[in-house]
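Encoded as structure tokens, the structure appears first; notes follow it.
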């Protein structure tokens, strides 16, 4: 932290008090082994709530995403549904562009040109069956053309922080202008779960039948009873290899794992499970403070009251080596002395979480209430006090 800031340690409200500090000076050291070896071109393991990266290799290397692209197609559909721009009961007429015969030797829902299909069915065809034909049909229904829909995909990618991604089609078939990274795909998985939960729930469904043809979800981890995997998406082309974005929960902890470019379908499942198991075994995520909770009452000058409540406007999450939560402490930094008027939501500093004196997470510190200016007399008095303080 910078020395010219106002630094204050608030151990009284830190989560350390709920468990106290280590119970014994002879406690065994906490050791986190290196992540397992993962046979993939690139991978990342991220905690969903905190966004902390727990393991990675080439996580910012641009790779072909193949059908992981459909996660963004699905995300846009989820946003359009939430905004009321489309409805699950809408009828979609299948064009020649979306015809299943345009996608030989690739995954499809088997829709026929000229037929009418409900949005709800096409959406499941995208998520569960990985239907390239369904992707084009939905793109045309929402945006008028696949190219226009791709523009929406790239706009949304930018908005959620996918800095190294560019979409060139809606289905993920190889294209030199289609690329992403393991980290960006983890951000997209995080966004699907957070922003469009109704859409994300479909990713846990194991099969879908359309027109008498039953197809099974290719995410093999959905059948793994040793962990609670509830999504997300597979991808494969001969150029991209076999990829998988997966998410699982254990208690209140949720992880997102991405493996890109493994050798076969079994490998993407096995390597993903290694990552998820490693994360749950050696890490934990705690939630020290909730949105709107007062972290500290701090002195405010020139105001109609003497103090202002400070806190956060979102739940805070910190991911730590398992067993370290008892050592977590909090402190805060004010950018300057607080002076009225101040409005609820104004950022006044930073809230830091620390273990053994090292910062492990930070959040903006905000005013949780409005404070108007005080009377002329009280402001004059505060001015004189501040002037006097400045002399020493």
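Just so you know, glycine gets a Cβ as well, placed from its N, Cα and C.
If you look up TrEMBL, you'll see 67, 70 marked as active site, proton acceptor. What TrEMBL records for 130 is active site. The substrate binding site annotation in TrEMBL covers 233. Look at TrEMBL and you will find 283-373 tagged as domain 'Peptidase S11 D-Ala-D-Ala carboxypeptidase A C-terminal'. Taken from TrEMBL, the feature signal peptide covers 1-27.
Helix, strand and coil content of the domain 'Peptidase S11 D-Ala-D-Ala carboxypeptidase A C-terminal' (283-373), in residues and according to DSSP, is 3 helix, 51 strand, 37 coil.
When the Cα atoms are compared, residue 233 (substrate binding site) and residue 67 (active site, proton acceptor) turn out to be 8 Å apart. Here the C-alpha separation of residue 130 (active site) and residue 67 (active site, proton acceptor) works out to 7 Å. In the structure shown, across all protein chains, 233 is the one of the recorded positions 70, 233 with the greatest number of other Cβ atoms within 10 Å. The DSSP secondary structure for the residue listed as 'substrate binding site' is strand.
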